[in-house]
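Undergrad: Next up is a structure, given as structure tokens.
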Amino acid sequence: MESYNKAKFEKNLGLSVDFVQDNHSVSSRNVLRGLHYQKGQWAQAKLVRVVRGRVRDIVVDLRTDSPTFGRHVAVELSSDNSRMLWIPKGLAHGFLSLEDDTTFCYKCDAYYNPKAEAGIRFNDPDLDLDWGVPESEIKLSPRDRALPFFRMLK
């Protein structure tokens, strides 16, 4: 199965992207990663997919000049549905693993820079994100639990 074709991607989306880094993460059930983004010149656009298991993937628009600023989209990505999600620069991204041993893959158009990393809280009341499981069941890193609320970015 072909998972990426630059010519088809550019034709279908009408944009040219030079991916420079690929990442994989493996998560157990109910692990939540995010919501993350990189600031400034290190902002990343990403093409993401799941090659094993399934996730609930959420992106939040942080672009202040966008008509969808502050809104979010949620989608299920899985090895069964083979969907990919294009995430433009300026959006925060997070996902909740819905199965053990879920393998999530990212293609990024900018290199990871720890000094540029940022994020927003997964349970922000202003965003009202529905992760599909009770918050008490979500496994979250201390770093992600301490991320600021969306209103603090404004």
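Don't overthink the numbers, they just go from 1 along the chain as shown.
In case you wondered, yes, glycine gets a Cβ from its N, Cα and C as well.
From TrEMBL, here are the annotated features:
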ACT_SITE  His36  active site, proton acceptor
ACT_SITE  Tyr106  active site, proton donor
Undergrad: Just to confirm: which same-chain residues, 6+ apart in sequence, have a Cβ under 8 Å from the Cβ of Tyr106 (active site, proton donor)?
TA: Asp22, Asn23, His24, Lys46, Leu47, Val48
Undergrad: Please classify the secondary structure at the residue listed as 'active site, proton donor' using three-state DSSP.
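TA: Assignment for the residue listed as 'active site, proton donor' reads strand.
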